């Protein structure tokens, strides 16, 4: 495949054109008065969105050099969303401003490496400043963060705050589409396993088609159980106690399953069985989690334990277990135990070390299950277009809320970035001359988000920026009302993590663009044009078909 190679100023300008094309489409969504973007879909109705990352992901430019610039902005937006969950549009506006100001200086002869160094050093100092001014999130502030990020939807803000309160900081909150018109919150207490009863004969509540057991003993093993002989010793011990028994195994089949069903039907023993969740190594980890949660032991031949010698002490206990066709919920009621906290800390260390998004999600799920909380926000709307837009807003709000709980909050509406700009002169005092230019580029770029918020609200951006610069730390511009007020008191707040991530990611990509000296991209293949009137020319001869009046003329075919 042939390549196109572009050098020096030409390469940087191509990147800038790509950056501007994408950033100009994304930045109009910023702020409470952000405009909508209409996305054409190959199939179905167009989608109306007010979400920066969604717009960014949809854009692909025809020119391969410019498309490289657009891809860099997509990287900024994606990375910010992955780390902080929100702030993608702010990061896009920042990186566009940094690149625009930076390229002006590179074209004027400033050393791009020194510029990058100045940008990096300034950003590092400003990140430390964000940590200093951030306030921990308490009570109603959680609802305020969620309300702002969901496009000022107070109902959503209250719902997310309620979910966070119920599942605690270790819990998992997910967003799903609902079949109804309303948006509802559903909280699952205890550990939920995505496995249901092996046999419907275990059902105890015929109306709900569920198995409901209380004060339960739990046998946890990674074995496949086929013979009842292996289970007899445990069954006899549990029968003497008069408690129900849940068996969690790789599978229960044949003679073993038949005997359990018969004993359940005759009322000899209240028993149920489910398959172990997960696969491979993850299955063992999940079974170990269940064992720790229920104060039991994983019976595995790998560690020298067998079913026929299992003692009562090896069985876990639970206050209540509900088994449905596809799910099982275990309420252990002792999630504050030191062993559980140790297990959570161990999984959290694994979470810090993993680079895989899938593994990260599964580890976070395990933490939530051990901590005893999973909440589901079921999003409803009248139309599919509205549903998708509402779901995106709620996901943004949820991510912003998690970020706020993690690192605290700062005044929103671009005010914190304006405050950081006022610190740059102090930061750059000991920089080299060209590094100071890099610091000034950051200073000017920090004004861009507030200017854009004001422009989107129909105000004069430069005037708003000038007024906010001269006000106290908490006082800023409320674009929703057009007033200057105490932003924290008004509930216009940003998670510190979002501001930090947006600034760091924007500075990182801007530095890459400024120090780019060459771009190598694949040369687009020219679409091969069909030969002029290929085949159609022959069709002209079809006119002669009229002369075929007598098929006898076909005798001439003998020439072949």
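Placement of Cβ uses the backbone N, Cα and C atoms for every residue, glycine included.
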Listed in Swiss-Prot for the ATP site shared with 29, 30, 31, 32, 86, 87, 88, 89, 90, 413, 478, 479, 480, one of 8, 425, 432, 494: 494
For residue 29 (ATP binding site), the number of other Cβ atoms found within 10 Å of its own Cβ: 23
88, 90, 478 as binding-site residues, winner by CB count within 10 A: 88
